[in-house]
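Chemist: Straight out of Swiss-Prot:
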SIGNAL    1-23  signal peptide
ACT_SITE  69  active site, nucleophile
BINDING   69, 71, 192  Mg(2+) binding site
ACT_SITE  71  active site, proton donor
BINDING   137, 138, 177  substrate binding site
């Protein structure tokens, strides 16, 4: 009769050992907040468009005048701006007010700028349509410039389609591009900055945002779509 209690004791001991063997170790404390799939699915209310959709929206329309900002819109030109800061005002933005910097930037330093793929597609599309293309930049004007030739070569613009770059400059409290867009009767204007979009909207042109590359020297990055404008997908490069 004593064998049954002993057998039961052995069973309980075995079960307790098994439970101990499979007991979960305490989880380590999380290092970061992490993310769940619902958070990943959240998107900002931005009107995304592709180059093909822009082209389709212009179908049936006669040739128009279109405009492009330069820096961070058609060219990744941070190498020149970075060089200018290092050479003329290390750690500061004062170089942007130095005529010597602009002389160099507008006369050769764009040899180190990279043409953006989105700009190649856009310009090719507008050339095919027969549109007039203008480049309107906030860079300071210099006595000479090679930017026009650089853009012509980078984007394969025929000689009879080339318009000299418009150097609108930068003036405090004033959007210097607005009057130029009006004077050239530009109907579509592409740009990466808020000023580009608001300049277009102020003259009833269609402002379309090109994404500024995250490694651009021009900080902070703007909030694309903040003015209800169209934003081109995959346009950061």
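Cβ from N, Cα, C; glycine included.
These numbers come from a predicted model, not from an experiment.
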Chemist: Hey, what's the Cβ neighbour count for residue 192 (Mg(2+) binding site) at 10 Å?
Modeler: 26
Chemist: Using C-alpha atoms, which one of the recorded positions 69, 71, 192 comes nearest to residue 177 (substrate binding site)?
Modeler: 69
Chemist: Neighbourhood of the substrate site (137, 138, 177): other residues with Cβ within 8 Å of the Cβ centroid, in order?
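Modeler: Close Cβ neighbours, site residues excluded: 69, 70, 136, 139, 166, 167, 168, 169, 170, 176, 180, 195, 196.
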Chemist: Round to a whole number and give the Cα-to-Cα distance in Å for the pair residue 71 (Mg(2+) binding site) and residue 137 (substrate binding site).
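Modeler: Cα-Cα distance, residue 71 (Mg(2+) binding site) to residue 137 (substrate binding site): 8 Å.
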Chemist: Which of the binding-site residues 137, 138, 192 has its Cα nearest to the Cα of the residue listed as 'active site, nucleophile'?
Modeler: 137
Chemist: Where does residue 177 (substrate binding site) sit in the DSSP three-state scheme?
Modeler: helix
Chemist: Far apart in sequence but close in space: which same-chain residues, 6 or more away, have a Cβ under 8 Å from residue 137 (substrate binding site)?
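Modeler: Expected: 69, 70, 71, 147, 165, 166, 167, 168.
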Chemist: Neighbourhood of the Mg(2+) site (69, 71, 192): other residues with Cβ within 8 Å of the Cβ centroid, in order?
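Modeler: In sequence order, the nearby non-listed residues are 70, 72, 73, 74, 137, 138, 191, 193, 196, 210, 212.
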Chemist: Considering all pairs of residues in 137, 138, 177, annotated in the record as contacting substrate, what is the maximal C-alpha distance expressed in whole angstrom?
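Modeler: Of all Cα pairs among the recorded substrate binders, the widest measures 8 Å.
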Chemist: Specify the secondary structure state of residue 138 (substrate binding site) as given by DSSP, simplified to three classes.
Modeler: coil
Chemist: Measuring Cα to Cα, tell me the gap between residue 192 (Mg(2+) binding site) and residue 138 (substrate binding site) in whole angstrom.
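Modeler: Answer for this pair: 12 Å between alpha carbons.
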